[in-house]
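Visitor: Taken from TrEMBL, the feature domain 'Par3/HAL N-terminal' covers 29-90. According to TrEMBL, the feature region 'Disordered' maps to 92-118.
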Amino acid sequence: MTGGGDDAQWRLSVTTEGFPVDPQLHFKVPCGDGSLTILELTRVVQERCQRMLPDHSIVVERLYDSEGCILFPEDLAYEVLDNKGIVKACMPEPRGRGKQGRGVGGEGDEARRGDEGGGVEAGVGAGCLTVVGNADVAAAAAMQSLL
């Protein structure tokens, strides 16, 4: 037994939010025994989205779990997700496409930095942050101050 603690193969359902897909894409991703990192999972999700939308340049900024919690690149899937769970992939609108004054994540607030290990960009993008309640507003403000 490795990874997720049993011999079953892990699968996650993925939904997308943000440019260029409206409505959302929905698909499943195999995750082996769940021992891949969130960074590796992000890359797999980004590759799948790119295959489904070959006419667009796809960047998955970050992944969220089904409760809306940010998943950190260094964590292992089985540590922070449930087998057969749901992951939300956030894709930003390209620069110049967003509107000023959209609040947290508007074009003027956009910040980017390379993740260790390269490849996947991180930041607060226009299509990436969904504010649901007061706790999310506080979390968004705290996240913005870190960038």
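Here the Cβ of each residue, glycine as well, is placed from N, Cα and C on the backbone.
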Visitor: Run through the domain 'Par3/HAL N-terminal' (29-90) and tell me, per DSSP, how many residues are helix, strand and coil.
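Guide: The breakdown for the domain 'Par3/HAL N-terminal' (29-90) reads 19 helix, 15 strand, 28 coil.
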Visitor: Restricting to the domain 'Par3/HAL N-terminal' (29-90), what is the model's mean pLDDT?
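Guide: Averaged over the domain 'Par3/HAL N-terminal' (29-90), per-residue pLDDT gives 95.
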